[in-house]
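Structure, as structure tokens:
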Amino acid sequence: MACLGSLHPLGSLLLLFLLLLLSPEARGEYGLVRVVSKNWSKDYCVLYSSDYVNLPRDLHHAPLLSLHDGTKTPWCPDEDSFHQAQDSSPRQRPLHQTTTMVTRGNCSFYAKGWLAQDQGAQGLLIVSRARNQQCSDTISKPQDPSKPWPALTIPVAVLRYTDMLDIVSHTYGDTDVRVAMFAPLEPVTDYNMAIIFILAVGTVAAGGYWAGLMEANKLQRRQAQRGGGLGGHNQQQTVAAERSQRAWEDDDFEDAPMDFTPAMTGAVVTMSCSIMILLYFFYDCFVYVMIGIFSLGASTGLYSCLAPILCHLPLWRYQWVLPGQRVSVTWPLLLLAGLCAMVTVLWVIHRNEDHWAWLLQDTLGVAYCLFVLRRVRLPTFKNCTLFLLALLAFDVFFVFITPLFTKTGESIMVEVASGPADSSSHERLPMVLKVPRLSFSALTLCNQPFSILGFGDIVVPGFLVAYCHRFDMQVQSRQVYYMACTVAYAVGLLVTFVAMILMQMGQPALLYLVSSTLLTSLAVATCRQEFTLFWTGQGRAKIPAEPVAQPCIASAVGSKMKLEDAKDSRTTNRFEQAVDGESGDLESSTGDDMAEMVTLSEDEATSPEGHSESSEGWSDTNLDPNELPSGSPMALEAMLIPLIQPIPHPSELGHIRTQSRVHDSSLPWMGLHKRKGLKVKKSMSAQAPL
């Protein structure tokens with residue numbers, strides 16, 4: 001499946017594809033051997049090959065035979081001795097009705113088993129110092145096809161060297177030691193699969209929901225900035241709004257997710273293939289690099305998840321200003337960073353502890369997945385489809401195609417996930433959720449007690465879930481896409497578990513997860529007739545503007561603007577009366593030709609030069625907000641504010657000119673462009689001479 005681990009979001013994706021759902025496949029089959037003495041008994045794990053003889057499934061059906069210790073003598077016959085049968089009857093052979101325990105030598109398992117069978121033994125335990133010992137890779141083939149070797153009729157199993165020492169220490173001096181070999185049925189399912197299911201679905205749901213909240217917060221900030229441009233009736237409010245806007249911009253810069261482009265998808269898949277091949281050929285060296293990358297990413301992810309919670313506590317106020325510097329250090333965040341680093345170091349030290357270290361690994365893994373889902377964003381459904389299908393092809397290739405090119409016939413993905421059999425480090429990739437088996441089985445004694453799920457099976461579909469929730473926030477669809485995609489992920493994971501149970505082998509989980517999430521998202525978008533918006537990610541075009549940001553149209557003007565219009569009418573009437581009384585030469589109506597319009601836009605309000613290039617050439621015609629460009633997220637509707645036209649020519653007004661100028665300057669909207677640094681553009685009718 002997939003693999004993950006890095007500090008930066010892009011680096012984390014480069015390792016996303018190395019983790020698998022595939023549980024390590026056993027070389028041979030696992031069984032148990034029950035060792036019984038007068039006052040002591042214990043079960044040990046063995047690895048046997050069903051190519052010879054299958055072991056009984058129940059202990060009651062397994063013969064309890066005497067144990068013969070042959071570890072101090074060599075046990076490798078010559079090839080010619082295979083065809084020399086014993087003349088004596090089975091009862092007269094030295095190992096009759098015994099199970100022989102011998103050391104691993106230079107000959108094959110078959111040779112040792114044939115020699116024990118020829119001596120009358122009913123079973124053979126081969127002691128091996130190697131880990132992950134295979135039972136089938138050491139079977140020798142006869143050099144002469146015309147003389148086939150005789151078939152084995154006794155079970156041959158591999159016992160670990162440490163277990164042999166434990167048996168000898170407990171049975172020292174005891175002459176009556178008996179053993180029974182059996183292979184109990186493994187449970188088809190285990191309760192730990194339910195825990196893995198909850199962890200995976202919960203992480204995907206939480207990560208997608210968090211990403212959607214960030215999108216909603218960003219949209220609210222933009223709407224607040226859009227409405228804040230007209231609220232400048234006093235200088236204090238203006239300064240406060242500017243400071244708040246700068247703080248918002250800083251937060252957006254720190255929390256802004258990284259958009260993932262199709263070019264990045266190709267680069268990630270190419271580099272992931274390279275990393276997979278490096279792990280396949282240089283596993284013992286490169287696995288430590290992966291552990292280091294996971295440690296850095298996990299500590300960062302844990303910090304990013306806990307920091308927002310810490311910011312709501314009273315301890316947030318404690319800060320320390322560095323002497324001679326303008327930088328302040330927040331003590332709670334500094335302590336939190338140290339705590340996250342300590343947790344990661346604790347896991348690194350005890351990562352191979354099977355009893356409790358998996359709790360730390362799962363905690364760090366969930367935090368890391370949430371961090372990546374927050375910080376990496378697929379901006380369109382087109383990018384999501386390309387990304388998920390590329391990883392699906394990557395997964396299928398390394399699971400089903402690579403066995404055609406490997407010497408052992410196993411896929412590179414399985415070798416990397418379970419670790420090479422000849423690995424000297426015995427390390428495992430940490431980019432997995434692992435939960436121990438909760439039911440007793442042979443795997444519990446055989447150091448195979450965990451079920452695993454790769455981070456890639458969580459994060460890769462999680463990107464689509466996060467995109468769906470962001471789109472919900474943009475089109476205000478009551479989280480329809482988010483809920484549908486999350487349920488589809490849960491169903492796909494259940495199908496993966498069922499397929500693994502039915503086929504008795506690991507499954508490429510992305511084959512089911514990608515199919516279920518993509519098809520469900522497409523179906524929802526098609527039913528809602530939003531496929532084009534969903535495909536291009538243009539959901540923000542449907543967000544209604546705030547009332548304070550609407551154009552100056554009679555039907556959309558707020559109560560505050562209506563009061564200002566009423567005040568304008570009263571002021572105009574007073575001007576008309578003054579003109580009629582003093583000069584009698586002016587008309588009593590200012591009319592449409594007396595109107596002056598100030599065109600404002602968000603670009604002009606936020607641009608350092610005070611105007612935008614797109615504002616050149618605009619006229620005083622009525623603008624429909626639906627016809628304005630929506631390509632740039634910062635482009636807002638133009639706002640038109642009616643102002644009072646300076647009244648007639650100076651030669652005709654006399655001292656009324658002075659009175660009107662003084663009166664106009666006292667109006668709250670006059671001089672707005674001077675205080676705000678905005679460009680004022682007069683209409684053609686306002687510039688025409690009287």
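Even glycines carry a Cβ here, placed using N, Cα and C.
What Swiss-Prot says about this protein:
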type: ACT_SITE; residues: D395; note: active site
type: ACT_SITE; residues: D457; note: active site
type: COMPBIAS; residues: 564-573; note: compositional bias 'Basic and acidic residues'
type: DOMAIN; residues: 87-166; note: domain 'PA'
type: REGION; residues: 564-633; note: region 'Disordered'
type: TOPO_DOM; residues: 29-192; note: topological domain 'Lumenal'
type: TOPO_DOM; residues: 214-260; note: topological domain 'Cytoplasmic'
type: TOPO_DOM; residues: 308-328; note: topological domain 'Cytoplasmic'
type: TOPO_DOM; residues: 350-354; note: topological domain 'Lumenal'
type: TOPO_DOM; residues: 374-384; note: topological domain 'Cytoplasmic'
type: TOPO_DOM; residues: 406-448; note: topological domain 'Lumenal'
type: TOPO_DOM; residues: 470-482; note: topological domain 'Cytoplasmic'
type: TOPO_DOM; residues: 526-690; note: topological domain 'Cytoplasmic'
Exercise for the section: Quick one: average pLDDT across the topological domain 'Lumenal' (406-448), no decimals. Expected result: 79
Exercise for the section: Between D457 (active site) and D395 (active site), find the distance joining the two CA atoms and give it rounded to the nearest Å. Expected result: 10
Practice task
Within 10 Å of each Cβ, count the other Cβ atoms, then let me know which of the active-site residues D395, D457 comes out lowest.
Solution key: D395
Problem - Per-state residue totals over the topological domain 'Cytoplasmic' (374-384) - DSSP helix, strand, coil - result: 6 helix, 2 strand, 3 coil
Practice task
With a Cβ cut-off under 8 Å, give me the same-chain residues at least six positions beyond the ends of the topological domain 'Cytoplasmic' (470-482) that come close to it.
Solution key: 208-209, 211-213, 215-216, 219, 377, 381, 521, 524-525, 528, 530, 533-534, 537, 539-540, 542-543
Fill in the blank from the handout: Other same-chain positions with a Cβ less than 8 Å from the topological domain 'Lumenal' (350-354) and lying at least 6 residues past its termini are 291, 360-361, 427, 430, 436, 447, 449-450
Practice task
May I have the DSSP-based helix, strand and coil counts for the residues of the topological domain 'Cytoplasmic' (470-482)?
Solution key: 9 helix, 0 strand, 4 coil
Problem - Distal contacts, the topological domain 'Cytoplasmic' (374-384) - CB-CB under 8 A, six or more residues away - result: 9-10, 12-13, 207, 210-211, 214, 255, 257-262, 265, 304, 463-464, 466-467, 470-471, 518, 521, 525, 534-537
